[in-house]
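Visitor: Dumping the structure here so I can ask a few things about it.
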Amino acid sequence: MGAYQVLIVGAGFAGSEAAYRLAREGVRVGLLTQSLDSVMMPFLPPRPPFPEGSLLERAYDPADERLWAFHARAKYLLEAERNLHLFQATATGLLLEGHGVVGVSTWEGPPVRAERVVLAVGSFLGARLRIGEVEEEAGRLSEASYPDLFQHLLALGFRFLEREGEVPETPTTPGYRVRYRAFHPEEWEAATFRLLRLEGLYALGLCVREGDYALMSQEGLRLAEHLLHELG
Ligand code: FAD
């Protein structure tokens, strides 16, 4: 594939939902995420109600609440969409031309070009995960948070708030907390999802607003509707 019409960074609940809907409407979408093993990976099992017709609803199986099984069903649905290219890479910065964003640079090397770039990076900007006395750079259990993209955004002048989330102990995982950065509300326009500092740049999901899986999915669908309108 050449340049994407829309490139989404982060295949979590919000980014995956948006990519799925856009691709089903015929938009050429790239969905770039740092690990294919964590596509749409929940902290705890999702619980309905979910937005009707959403990817979240399709991937949910009340008879099988295993997190890995939910992730596998969602990934399969994404991979089966012909206009959607799901691939593993870590975004390290934005490619800029004038005041506009034309893609992202990646840790792996090849730049990825797109007409529009959406940051849907969840709890991974400047993230610190704490289990008891142990602290590490991670946005979720077993998933590192790399500093490059966050440092790049800081250097461009973006402002952030600090947020925190907690995961209770379960029979198979320890309890832990994640501290992360979200874009400052003045950087983001809720109606258009735009990060106002640069043209062609949008943000979605937990990196701009708090909420549960259903809200993240709803926001993904709302972004898709907005971009479909913009793309005509
Ligand atoms: P995520 O689902 O986190 O997805 C972001 C994706 O972006 C990740 O897959 C990550 O790998 C990828 N990524 C990050 N940086 C890069 C990069 N530079 N390049 C490429 N890919 C990148 N909500 C609930 O309903 N139930 C819960 O139990 C729950 N528990 C939570 C626990 C914690 C600790 C936190 C912080 C939040 C929790 N939430 C929960 C709230 C929220 O619903 C979830 O965090 C949800 O996963 C957010 O969706 P998202 O798409 O914004 O981000």
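Every residue, even glycine, has its Cβ placed from backbone N, Cα and C.
Annotations per TrEMBL:
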type   : residues : note
DOMAIN : 5-40     : domain 'MnmG N-terminal'
DOMAIN : 69-161   : domain 'MnmG N-terminal'
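Show me how these features fit into the structure around them.
Guide: When averaged over the domain 'MnmG N-terminal' (5-40), pLDDT in the model lands at 98.
In the domain 'MnmG N-terminal' (69-161), the DSSP tally of helix, strand and coil residues is 19 helix, 41 strand, 33 coil.
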Visitor: Same-chain Cβ contacts of the domain 'MnmG N-terminal' (5-40) under 8 Å, 6 or more residues past its ends?
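Guide: For the domain 'MnmG N-terminal' (5-40), the nonlocal Cβ contacts are 54-56, 59, 70-71, 74-75, 77-78, 81-91, 103-104, 106, 112-122, 124, 140, 143, 146, 149, 204-206, 213, 216-217, 219-221, 223-225, 227-228, 231.
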